[in-house]
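> According to TrEMBL, the feature domain 'Talin central' maps to 80-241. Residues annotated as domain 'Talin-1/2 VBS2' in TrEMBL: 383-498. Sequence annotations record features per position, and here TrEMBL assigns domain 'Talin R4' to 505-629. The domain 'Talin IBS2B' annotation in TrEMBL covers 633-794, 1048-1165, 1721-1837. Annotation source TrEMBL lists domain 'Talin 1-like rod-segment' at 800-940, 1243-1407, 1554-1718. What TrEMBL lists as domain 'Vinculin-binding site-containing' is 1428-1552.
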Amino acid sequence: MKSIMRLLSSIPHCIRSTILQQQFNRVGRVEHGSVALPGIIRSGSIGGPDTFNVGTMPSAQQQITTGQMHRGHMPPLSLAQQALMGTINSSMQAVQQAQADLGHVDNLPPLGHDLASRVWVQNKVDESKHEIHSQVDAITAGTASVVNLTAGEPTETDYTAVGCAITTISSNLTEMSKGVKLLAALMDDEVGSGHKLMGAARMLAGAVSDLLRSVEPAAAEPRQTVLTAAGSIGQASGDLLRHMGEGETDEKFQDTLMNLAKAVANAAAMLVLKAKNVAQVAEDTILQNRVIAAATQCALSTSQLVACTKVVSPTISSPVCQEQLVEAGKLVDRSVETCVKACRSASDDGELLKQVGAAAGVVSQALSDLLQHVRHYASCGEPIGRYDQATDTIMNVTENIFTSMGDAGEMVRQARVLAQATSDLVNAMRSDAEAEVDVDNSKKLLAAAKLLADATARMVEAAKGAAAYPENEDQQQRLREAAEGLRVATNAAAQNAIKKKLVNRLEIAAKQAAAAATQTIAAAQNAAASNKNTVSHQQLVHSCKAVADSIPQLVQGMRSSQAQPEELGAQLVLIMASQSFLQPGSKMVTSAKSAVPTVADQAAAMQLGQCAKNLATCLAELRTATQKAHEACGPLEIDSALKTVQTLKSELQDAKMSVIDGQLKPLPGETLERCAQDLGSTSKAVGSSMAQLLTCAAQGNEHYTGVAARETAQALRTLAQAARGVAASTKEPQAAAAMLDSAQCVMEGSAMLIHEAHQALVHPGDAESQQRLAQVAKAVSHSLNNCVNCLPGQKDVDMALRSIGEASKKLLVDILPPCSKTFQEAQTDLNHTAAELNHSAGEVVHSSRGTSSQLAAASGKFSQDFDEFLDAGIEMAGHTQEDQIQVIGNLKNISMASSKLLLAAKSLSVDPGAANAKNLLAVAARAVTESINQLITLCTQQAAGQKECDNALRELEAVRGLLDNPNEPVNELSYFRLFFVHVSLPQVLGESMAGISQHCKTGDVVAFGESVGVASKALCGLTEAAGQASYLVGVSDPNSQSGHEGLVDPIQFARAHQAIQMACQNLVDPASSPSQVLSAATIVAKHTSALCNACRLASSKTSNPVARRQFVQSAKEVANTTANLVKTIKALDGDFSEENRNRCRIATTPLLEAVENLSTFANNPEFASIPAQISNEGSAAQEPIVRSARSMLDSSTYLLETARSLVLNPKDPPTWSILAGHSRTVSDSIKSLITSIRDKAPGQRECDYSIDNINKCIRDIEQASLAAVGQTLPCRDDISMEALQEQLTSSVQEIGHLIDPVSTAARGEAAQLGHKVTQLASYFDPLIVASVGLASKLQDHQQQMTILDQTKTLSESALQMLYAAKEGGGNPKASHTHDAISEAAQLMKEAVDDIMVTLNEAASEVGMVGGMVESILDEGTPPEPEGSFVDYQTTMVKFSKAIAITAQEMMTKSVTCPEELGGLASQVTVDYGQLAHQGRLAAATAEPEEVGFQIRTRVQELGHGCIYLVQKAGALQLSPTDSFSKRELIECARAVTEKVSLVLSALQAGNKGTQACITAASAVSGIIADLDTTIMFASAGTLNPENEESFADHRESILKTAKALVEDTKLLVAGAASSQEKLAHAAQSSAKTITQLTEVVKLGATSMGSEDPETQVVLINAVRDVAKALAELIGATKCAAGKPADDPSMYQLKSAAKVMVTNVTSLLKTVKAVEDEATRGTRALEATIECIKQELTVFQSKDVPDKSTTPEEFIRMTKGITIATAKAVAAGNSAQQEDVIATANLSRKAISDMLTTCKQAAHHPEVGEELRSRALQYGSECTNGYINLLEQVLQVRMRQKQHVLEICFCVCSLSVFITALPMCCVKTSALT
């Protein structure tokens, strides 16, 4: 670089520019005032007159000042520069904060020395190193990007992109500082490594600060300052990574990189010198200055390249850093090209120009060496294996052989390449065997080499046979089979090398995905401050948290695999971590894209968008790499899971030893509450995965058993960590040891369970192994419960449960103890203890949400109160001899309800986040209250109406808790159903309250009690409805986070399980009556049916194949065991014998086990719903409803208490006054409640706000449109046009994604309506801003108006949608609004499509391909297959070939017309989207599953290739002269073509027969097109024979080949019902035969000479009819393949076969008629009539044509019928042979063309159904009329003269239809 500067300084002064600048002025505030000041005369000096000194001036001094130009003389900053200054200022603050944070390391709590603590420290170190490394990568890449982006003129700089790069640097520096502080604290600091690390981080922060100052637009620092600052960042980054121990290991690569960069600089210096020589001889000053500027720019771009190399050299392993270096190289290439052009235009000196060209060539070569060095970095790392290249070649070439079936020459050529590759591989293996020290390994290598050599020899022999007999299909098949055998042998011989390569690819993909995720999280945090959409921000935060939790596992898996490359377990851990990372990563990409349009900071939005795109690309690569690695590593999950569990057991044992030593410490972030919750929730996941493991093992499915074992091991890992955390946080050593012991028991049992599952796979169907498996599973379940019971507070609850159980044994005695109290005392005691027990139940509910000690105290008090209540109940039972059995039964019910209450409280305390756990607890508490009320009602004898009032008061107290914290749904009622409840129940309540008052007056005590009961039920119902309504109101607030429905409802499963248990108990109870047995059977059938339906729905909704299989299998087990039980119940119903009852008891056992296993599996937290989180605003919206409901309850309580006393003393006037007051309060509170619910209807307020917002947007866009019309729209210069296009595209896409959710919410999901409309409206502000900004930058006025008009249309359609949504309101019964909602949604979709088409076209024109890449990456929702594999296979072949053709065309256009690449890239994107969609369907329907997996993998690989191709097309379109981009595009196009062939081979493997049909149909289509061309030549009279031959020479060949085709037709029809191999053979044979037939017919027609062209056309038309019929037959055969005999496709096949035979017969007749001149005309007419009839059949079918035609084209086609009709009439009159033949040929073409265009025009999008029907009707009638006309001509030809009159009638009727058709078309044209 110094040499370049010296050369620049040596350029003569006469040709160097000079900058004159005034002296730096003082900057201050302007002062306002008058300059016309009055003069002032002052007195002289006090000391007398002044003296003057006389001297000489000093000599002139000259000074040259270089440096910063005074900003006062610079032009003002543009808006874009001002925005950049704002970004730099905020980034500078972030950097300063990071510098301050790096002053000290993190303070970590004391850590233990047990194994888990050491593992945690090591994992944290690895995670921190990875995060820091990825952040340093981003910082260096961002620095290089700043250098590249600021290289040009200020007016050409994309300041938005510069701001994005600066934001990337500062945000990553902020995150890096946190990681460095943690890593420094974790590192062993004995040698000061932590302090060195902190120092290096501070140096990096300082270097970043210097860079930010140097790039300030206002600073105008010299370019060298920027480059120097960038180089400092590179140096500081390298130092930081070295201190961290993460420096690039390949120093040789880095040295070579720098040397190559210096070589480029030296070559550029020579070019500058040569350019200087040209400048000196240039005569034109302008041209001379151009040479100087170009040489200067060349030198600067080269210095930038060197600077970028220094910056990214420490992190060159990062793809983003490599991209920036490549970009810097391309800038050099462009500057060199510009310099050469300037020299050529400035001088004609050939010698000098030759020197310049040679110097430029040296620069280009040096640059090419540098970039090639960068591109091949991956292969320059650690060697993957000696066999890598050979195995790659063998795999690729064998695929080529498979796809080249039918082309023997290509197969043989590929076989030669294959033989060479296998020879190289065999020699390498033998060489390794000779060098191997281990004898066994040497023998293995030699055996593998021999196996490979033998397979190669067989392949060579097969290739020789194919070369000798290229037409023999059997020889080709032998070669294919030999290639397959060679492929298998290669896999066996080089398996380790292949697997190593795939695992290495996965490691790289995992590293890049983790780095991309880290960058996206940093970008999301940076964008949070400027995100205006709360909902999108919350979604992004949650998705970022989920990904942040997944990154450590991915990093640990990657590091473990790298550290243990030969360890299969480590590789499986990486594969599992990668699979687990894909789903949260994809969700974060979606959330980030949704947030981008609403981020106000342009730089932050661009950073977030770029990071999201990069992450999406990395996830696609990770998904493919994971699939391939998993396929290669094999099904060894069970062994890996077993090893994992044993490791966990060792960690727990080590932790217990630390407990004994008192050294067990909690890890950072662990608390007792958090670990206890983790343990509780994880225990459910463990139970669910074990249930899954049992089912899969019982079925003998190794794959799914391995997956279940893997998931079990993962859940157990979390369980072990939580158990250790609880033990470490517990202060009592004994409790800690008990927790660890119980966890160890779980691990021991789980290891045994996995082992037994493995054994069950080894011995499938072995009853003994199945029994052992079930026993071990029960033991593990027991250990799991014990582990949960060790949690703090759980023991106390268990003690309370045991106490209740012990106390309840008093109810089992035959004789009750004697009474010790009077009846009155017993009754009073019962009432008192009932009140205490009811109060204690409320305390249990309250304490379950608190601490474990509170729950322990409440449960103890509850058990004590229950004991006292039970004693009082037994005492009362002694006094009630008549109802004693019922009293004891009620006491048992209370005991059961109390146990359920404690169990629900225990479950909630263990897992507070469980779905609806709080509601379950509330239901259990109410059950206790209701059972107490039943007992009190039965037992007590109080004054009239007293117990009814007491029961009512207890019921009201029980439901009061529903209003305490309404953040969970109370029931499943919708908001509008609730409103109906609130309207109907108050009427019931009003009547009952009036009854209470009336019955008090009349003294009707019984009616009074009934009214109280009715009022209580109404009040409880109103309270429930109020709680549900308040929940829905809170959830519907846009600031709240709506919950997500789970895969299953655990409550439904739990209730069904409980109901089935109780029903089965009643079934086997000897005291059950027949009616009770029947009722129990009904309950069992009802709930098992509901469970099976729930499983069916869950299996259809889940994307997890293992879970899907488990749900299906569980449903089968429940259904089968239920069916068996029903059989025994029927037998029992017929005969209630002890034997039948015993059979029934035995049959209940498997049912209960199946239901229990299903409930356990469904209890997996993964399947549970996500509860809503109500915001503060939502809670405020709930308050009016809750307040009114509480007021209603309070006043109702007072009213009942007053009525209770009033019924005893109805003559008390003051009490009546009090009752009336409470009644008014109740009425007022209910009115207030109804009003609040009506006013708070979800979504209405949000709809109004959104409507106002969009109306404002429409006004803004209208103002912009008016300004554009007047050419006064101000141009935005604060952002680039590309950034505006990105913003507009992302806004439109997000609006498009929300159309269906808004429509769905408006029709039936009121709680979601507010969220969706608010989210929709939030995207219109950025939409309008981006649209107006983009329009302001467009030069073309028409384009301006198009963008603005389409934006306005979208806004107006959205406004219509919101009005319709507001009217619908989410009410499913408001069906009158649903049509309007659907119509508005459709209009919005059309508006979105229109604007997206415009944006995509504009983007493709300028080379912006980001949207195309996103489209390729977007997999969308997996569709449900509706067709067969054959249907999808056909479409996939079509689109695959289209992609290959477009890729080839792109290769051509890259050289000839680069500006057309955008359109071609867009076509590739569209075709791949269709291919991917069909590919997912084909993979889902393919059999076996391996074929589906292969198709899916190949399509994904093709997608990656299409992405690279599209990206290179965009790059080349931006720089059409970039030679590097051209080479890259050509390479990518070739790769896409190869991957297309792989997709086709996968499809062929899926269904060989149907694939052969597709290939044959394609070949026949080509034959038909060739025949059409031949007909054209024959009609022109240019089809002449090459030698003297007659038709007779070819007649026999034609007849023989036609008969062979008939035989092939039979085989083809039979092949549809036979094997795929036979079908493939028949299809190939028929295609081959029709090819031969076509050739011999063409030769026969040619031999007739051009003297009789019409006869030639007749003959060729005949074979064309055969070919067309064969194409239809092949298509029908393909559709019918594998279908049953009664399938409709079979009837179509038979019909096609008949047409085929008819046309072959017609051909034979035509051949015979050719030599018989007398019958030629007759035969021609007969063939034409038959052909027209067949065309009419196709016309009348319901198939929609592929394309539509304009009505004008249709009108033109009808004119041909008029001409043909006239010709037919003339032929009928003349009856001449030539006229008849000409008529036949002309009629065939005219009618065929008319029918085709008629159907296409009728299906034009603008044509209505009525007009379409009329057009098709007239087309059919016209054709039938023409057929009649030809038949009459045929009769005339056969000498029947009386038919001349018939011809006249036919012509008259035909003319009517010919006239009607154009009139119909005119109407169609008017419509369009």
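Glycine too: its Cβ is placed from the backbone N, Cα and C atoms.
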> Which range wins on Cβ pairs under 8 Å with the domain 'Talin 1-like rod-segment' (1554-1718): 80-241, 383-498, 633-794, 800-940, 1048-1165?
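So the stretch in question is 383-498.
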> Run through the domain 'Talin-1/2 VBS2' (383-498) and tell me, per DSSP, how many residues are helix, strand and coil.
99 helix, 0 strand, 17 coil
> Between the stretches 383-498, 505-629, 800-940, which one has more Cβ pairs under 8 Å with the domain 'Talin 1-like rod-segment' (1243-1407) than any other?
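Looking only at 383-498, 505-629, 800-940, the most contacts with the domain 'Talin 1-like rod-segment' (1243-1407) come from 505-629.
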> Compare 80-241, 800-940, 1721-1837 by their Cβ pairs under 8 Å to the domain 'Talin R4' (505-629) and return the stretch that comes out on top.
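Result: 80-241.
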> Could you name the stretch, out of 80-241, 383-498, 633-794, 800-940, 1428-1552, with the greatest number of CB pairs under 8 A to the domain 'Talin IBS2B' (1048-1165)?
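Between the candidates 80-241, 383-498, 633-794, 800-940, 1428-1552, the best contact partner of the domain 'Talin IBS2B' (1048-1165) is 633-794.
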> Looking only at the domain 'Talin 1-like rod-segment' (800-940), what are its DSSP counts of helix, strand and coil residues?
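Tallying H, G and I as helix, E and B as strand, the rest coil: 116 helix, 0 strand, 25 coil.
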> Across the domain 'Vinculin-binding site-containing' (1428-1552), what are the DSSP residue counts per state (helix, strand, coil)?
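Across the domain 'Vinculin-binding site-containing' (1428-1552), the residues distribute as 115 helix, 0 strand, 10 coil.
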> Spell out yes or no: are there three or more C-beta pairs under 8 angstroms between the domain 'Vinculin-binding site-containing' (1428-1552) and the domain 'Talin central' (80-241), with each pair 6 or more apart in sequence?
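When sequence-distant Cβ pairs are counted, the domain 'Talin central' (80-241) does not touch the domain 'Vinculin-binding site-containing' (1428-1552), since fewer than 3 lie under 8 Å.
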> DSSP helix, strand and coil counts for the domain 'Talin IBS2B' (1048-1165)?
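DSSP classes over the domain 'Talin IBS2B' (1048-1165) add up to 102 helix, 0 strand, 16 coil.
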> Write out how many residues of the domain 'Talin R4' (505-629) are helix, how many strand and how many coil, based on DSSP.
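DSSP classes over the domain 'Talin R4' (505-629) add up to 115 helix, 2 strand, 8 coil.
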> Using DSSP, what's the helix, strand and coil tally for the domain 'Talin IBS2B' (1721-1837)?
99 helix, 0 strand, 18 coil
